[in-house]
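Reviewing the structure listed below.
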Amino acid sequence: MQPPAFKELWIILRLAGPLIASQMAHMLMVFTDTVMMGKIGPEALAGGGLGAATYSFISFFCVGVMAAVGTLVSIRHGAGDSEGVTRLTQAGLWLAWGMALIAALLLWNLEPILLQLGQAEANVHMAAQFLITLPFALPGLLSFMALRGFTSALGRAGPVMTISVAGAVANFVLNYAMINQWLGLPNLGLMGIGLVTAMVTNCMALALAWHIKRHPAYAAYPISKGLSKLSRSHLKELWRLGLPIGGTYAVEVGLFTFAAFCMGAMGSTQMAAHQIALQTVSMAFMIPVGISYAVTMRIGQHYGAGNILMARTAGRLGIGFGGSVMLLFGIFFWLAPHWVIGLFLDLDDPAFAEIVVLAAKLLAIAAWFEFFDGTQTIAMGAIRGLKDARTTFLIGLGCYWLIAAPAAWLLGFYADGGASGVWWGLALGLFCSAVALTYAFEWKTARLLRKEAVGAAVPG
């Protein structure tokens, strides 16, 4: 490995570290909300869980669309186009506010749809309470994502981490204070949990905006100046790239929702074991997610600067390093599944014996699962850095819903594989996705390098 490669890997990891911490802080906020629902009561946990799942599906799509901001800003930054960076970020904020309004209106009117889908009336009623206040978090969430993409694309992800961690702590403290009625605060139940999340999320966006406005590192990008004048061309560019990214997020979330339905059809033991394994995998998954974001930004910078060779190097380094890290997690899950399960359950309680055995089997499968999932996630980020989200969407759609979902169903039910069969089906789809996306990145960069060579050979 040549010294420039070491330097490139260090830059990627320095950018990825704060983004990984930010992702974990976001997960902690979701975990806090779930714990607080449980403190209210089992009915609130069930109904709040339904509301949270509905909100998550819609917000994941919106967050995926907003990921286009970071990609396009990194390309403009690499090209030295300061005005383009500013205009894209402004358009990203307008897109965030527009999507937040539409998504909130949809969430506020979901109650009859959930009833039509056969959800229990009591759960739907509780979910509707949660969804009265929670959608107010959307303007802050999506604005934060737009500004996160902007500052990360400039190589400055530290403020994102600091604000995210502070937000997670504030979310826990305020929720706990409201549930226990400290300082005379009212216990508003699920509405209160949604209200706290909305307040904290909007404050996070305002804090990041204030930092960007005040810090001299952003002086070349006066985002507040001319913000009222929406650039339709930049908005269209964001939407064109962001829509397939949001679609990819949606089909992946849909796949794991499908897996949960499969487990629910099998029984409570399978569902419990699935949740333990999935929560474990999801926490480790934040590492490749952070690396993927960093790789997207770094490749975008090289692509914008016209340095395709370094773009390919950055992608290969990110995919290789991320895959290696996830392989280590896989080995750990393989060798010490009971230690992991012990974080969730009392291993000595005979009531949990069947769940422990099944969860250990799923974590053994997760050893492979993690490597494939991490690799395909970073490869997706690498391709998006080349301003291509259509390829990632089509590969994701095919591998998730034409391979993973049918395989999970067939192995789980028709081959009598049970919960393990479902997970092997998911692993098969992720394996295919990892191979296809890695090949697609290599093919795209090779084609761009050939074009570059032809262009250099043609006399000016």
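Cβ atoms here come from the backbone N, Cα and C positions, even for glycine.
Feature list (source: Swiss-Prot):
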{"type": "TRANSMEM", "residues": "9-31", "note": "transmembrane segment"}
{"type": "TRANSMEM", "residues": "51-73", "note": "transmembrane segment"}
{"type": "TRANSMEM", "residues": "93-115", "note": "transmembrane segment"}
{"type": "TRANSMEM", "residues": "125-147", "note": "transmembrane segment"}
{"type": "TRANSMEM", "residues": "160-179", "note": "transmembrane segment"}
{"type": "TRANSMEM", "residues": "189-211", "note": "transmembrane segment"}
{"type": "TRANSMEM", "residues": "238-260", "note": "transmembrane segment"}
{"type": "TRANSMEM", "residues": "275-297", "note": "transmembrane segment"}
{"type": "TRANSMEM", "residues": "318-340", "note": "transmembrane segment"}
{"type": "TRANSMEM", "residues": "350-372", "note": "transmembrane segment"}
{"type": "TRANSMEM", "residues": "393-415", "note": "transmembrane segment"}
{"type": "TRANSMEM", "residues": "419-441", "note": "transmembrane segment"}
Do the transmembrane segment (275-297) and the transmembrane segment (160-179) share at least 3 Cβ pairs closer than 8 Å, excluding pairs fewer than 6 residues apart in sequence?
-> no
Have the transmembrane segment (189-211) and the transmembrane segment (160-179) got at least three CB pairs under 8 Å, pairs 6 or more apart in sequence?
-> yes
Sort out for me which stretch, of 125-147, 160-179, 238-260, 350-372, has the most Cβ pairs below 8 angstroms to the transmembrane segment (9-31).
-> 160-179
Lying 6 or more residues past either end of the transmembrane segment (51-73) yet within Cβ distance under 8 Å of it, the residues of that chain are 30, 33-34, 85, 88-89, 92, 95-96, 99-100, 103, 106-107, 110, 114, 126-131, 134-135, 138, 141-142, 145-146, 148-150, 152-154, 190, 237-239, 241-243, 245-250, 253-254, 257, 293, 296-297, 300, 384-385, 387, 389
Result, the transmembrane segment (238-260) in contact with the transmembrane segment (318-340) (3+ CB pairs under 8 Å) | no
Residues of the parent chain within Cβ reach of the transmembrane segment (160-179), under 8 Å, 6 or more residues beyond its termini | 17-19, 21-22, 25-26, 28-29, 32-33, 36, 39-40, 144, 148, 151-152, 185-188, 192-193, 196-197, 199-201, 203-204, 207-208, 211
Among 93-115, 125-147, 238-260, 350-372, the stretch with the most Cβ pairs under 8 Å to the transmembrane segment (393-415) is 238-260
Other than its close neighbours in sequence, what residues sit by the transmembrane segment (350-372), given a CB gap under 8 Å and a spacing of at least six beyond its ends?
-> 269-270, 272-274, 276-277, 280-281, 284-285, 323, 326-327, 329-331, 333-334, 337-338, 340-341, 419-420, 423-424, 426-427, 430-431, 433-434
Spatial neighbours of the transmembrane segment (238-260) not adjacent in sequence (6+ beyond its ends, CB under 8 Å) are 53, 56-57, 60-69, 71-72, 88, 91-92, 95, 271, 274, 278, 380, 384, 387, 389-390, 392-393, 396-397, 400-401, 404-405, 408, 422-423, 426, 429
